[in-house]
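> Reproduced below are the annotations present in TrEMBL:
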type     : residues : note
DOMAIN   : 84-146   : domain 'Anoctamin dimerisation'
DOMAIN   : 149-712  : domain 'Anoctamin transmembrane'
TRANSMEM : 157-186  : transmembrane segment
TRANSMEM : 237-255  : transmembrane segment
TRANSMEM : 302-327  : transmembrane segment
TRANSMEM : 347-364  : transmembrane segment
TRANSMEM : 390-413  : transmembrane segment
TRANSMEM : 523-549  : transmembrane segment
TRANSMEM : 570-597  : transmembrane segment
TRANSMEM : 677-702  : transmembrane segment
């Protein structure tokens with residue numbers, strides 16, 4: 001039975017005898033034979049070559065690394081070494097075997113000498129357990145069998161699912177907190193004094209929203225919008241933003257503890273990746289010389305400049321989205337449909353959000369190609385170094401792709417558009433957008449809600465159904481072969497390997513970056529969940545629901561739809577941890593800016609304690625925010641409109657209102673504007689310092705490594721030293 005276990009399968013088209021491809025294939029297989037590999041050939045519509053490594057390769061590996069899995073006293077190494085380690089070593093040798101023409105397997109795949117290479121999904125006990133107890137939708141609320149995942153897919157995949165499970169578990173607490181804040185906002189839907197004033201402002205006439213065909217409008221027309229804004233923008237939002245800053249830190253600290261416990265149980269806590277890679281290089285080629293560490297300031301400068309150019313392009317795309325919203329707003333306000341005219345700003349934001357999602361989908365593919373090109377320029381020393389460099393670049397590009405537009409809405413929308421009579425214009429024609437009198441935070445809420453919902457529905461549906469459909473098509477395509485089988489092929493069909501190899505070949509190809517893509521998807525989601533969560537308290541709830549499905553979706557893909565992923569050893573999630581810590585700091589800055597700049601929380605507080613009836617008249621009967629709306633609107637004289645603009649017919653020659661703090665005479669900023677500006681700045685500094693201090697305290701309070709793990713290593717060291725001493729005889733001789 002063991003003799004029929006094969007480590008890898010190489011697939012090739014049937015080439016003409018004596019052709020260049022056939023010669024190249026033979027040379028590569030000969031090199032494997034020289035290294036002691038057993039090769040089995042099965043012919044179908046394609047040529048399948050099963051390869052099995054000799055046992056001495058694994059003995060060398062165990063001896064060099066004193067692998068904890070090794071039990072050298074047992075001569076049956078095939079049984080002794082884990083299947084995941086075996087596949088990893090064989091894959092390394094296959095990738096680094098060079099033909100006399102100096103071509104490796106990657107070159108031969110590019111030249112179509114081989115069509116595919118893959119490790120086999122074998123009918124072993126672990127696989128059947130994972131298919132029945134893990135890769136099923138009905139187990140969505142069950143705990144994951146991390147140890148079994150490690151035994152089948154290796155440590156790197158197991159750590160990904162351990163991290164994702166831990167993230168989802170702690171996300172549950174953030175989801176509950178966000179839901180409570182959102183429900184609390186709904187309960188005060190009709191009770192806000194600010195929204196009441198907007199709803200009752202039937203005599204407050206506002207300046208037109210566009211230059212031509214837009215009428216003056218009543219502030220009370222936007223009553224519902226004002227209520228929705230207050231539902232999001234209230235005191236609970238500030239507390240929730242602070243809570244999420246602490247949550248992000250606690251999550252990472254608890255993950256470090258969880259990871260330490262898990263990898264200690266695997267005996268990998270002090271595993272050295274570089275040592276393992278050097279050992280496998282020497283096993284493959286005893287004459288191998290390690291590639292030295294190198295650094296080129298010139299190359300680094302070029303790469304940095306290219307990264308900055310790419311970031312500038314991504315920011316340019318965000319500017320294009322801004323221009324789209326400006327033009328869309330002008331278009332909708334001149335529409336023949338009354339609904340579009342009335343909801344022009346909201347429709348522009350919503351269609352802009354959909355367009356933003358489409359740019360995210362397109363630019364994700366572009367960003368990947370650019371990041372790979374930059375990694376090739378860098379010439380990293382090892383695969384892990386290449387992966388780390390690629391991770392930093394692709395995350396940077398994806399961050400700007402996903403968040404540039406949100407950053408504009410949060411911090412620039414309505415603040416750089418000028419004022420009536422002196423608007424800032426795109427191409428000297430279209431006015432930049434304005435904020436609603438009740439604030440800009442609802443625009444940010446709409447943008448985030450649409451992007452997150454689209455990303456978590458369309459993207460996940462595509463992620464599952466595209467490989468499922470491809471698999472079904474490949475499977476059905478092969479079926480007619482059985483019915484028209486000739487007599488001569490009957491015996492070959494009985495080969496137990498043939499059916500297994502064919503069924504594995506029909507599965508979707510698994511790429512070296514497949515796990516990376518899953519990590520990137522989750523880290524971008526983590527960014528959405530933390531950075532602008534003050535504007536969208538439901539983000540953790542959406543992420544939590546998505547992740548419950550994501551875990552099983554990834555499991556089903558890996559077990560049923562894709563070929564077996566080559567296992568990789570790891571003792572942490574790598575550079576992703578530093579990326580997550582950077583996101584935690586960005587979350588503090590982002591949420592502080594949202595509350596200080598985007599939200600109306602600070603202007604309302606300044607009004608309450610400085611200008612309200614409570615402050616000036618010591619009146620306690622009134623709500624302290626009474627009169628805030630009138631206080632936040634400035635007066636504009638109609639005669640000061642720009643001469644080439646044609647606002648709709650005015651009701652009279654009376655002054656009109658717009659949202660800003662400006663004098664009625666020369667439209668310069670009022671004293672109130674500078675009071676609010678100082679208060680915003682003070683709050684931002686205070687919020688960020690308090691939040692960062694709390695993060696540092698939480699990081700100190702929760703040790704990275706549990707005491708049980710430290711004690712385990714202490715006991716191990718003590719016992720090893722005691723054993724060494726027992727070998728020393730009196731007098732210092734052995």
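The backbone N, Cα and C atoms fix where each Cβ goes, and this holds for glycine too.
Unlike curated entries, TrEMBL annotations are predicted automatically.
Looking at the shown structure, what environment does each listed feature sit in?
Within its own chain, the transmembrane segment (237-255) is flanked in space by residues 163, 166-167, 170, 173-174, 177-178, 181, 185, 529-530, 533-535, 537, 540, 577, 580-581, 583-584, 587-588, 591-592, 594-595, 599, 601, 687, 690-691, 694-695, 698-699, 702, 704, which lie at least six positions past its ends and keep a Cβ under 8 Å from the stretch.
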> Between the transmembrane segment (570-597) and the transmembrane segment (157-186), are there three or more C-beta pairs closer than 8 Å, counting only pairs 6 or more apart along the chain?
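These two segments touch.
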> Apart from its near flanks, which chain residues at least 6 from the ends of the transmembrane segment (157-186) lie with a Cβ under 8 angstroms of it?
143-144, 146-147, 149-150, 230-232, 234, 236-237, 239-240, 243-244, 247, 250-251, 254-255, 258-259, 262-263, 515, 518-519, 522, 526, 529, 533, 537-541, 543-544, 547-548, 550-551, 554-555, 558, 565, 567-568, 570, 572-573
> Going by DSSP, how much of the domain 'Anoctamin dimerisation' (84-146) is helix, how much is strand and how much is coil, in residues?
32 helix, 4 strand, 27 coil
> Tell me, roughly as an integer, the mean pLDDT over the domain 'Anoctamin dimerisation' (84-146).
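Averaging the confidence scores along the domain 'Anoctamin dimerisation' (84-146) gives 90.
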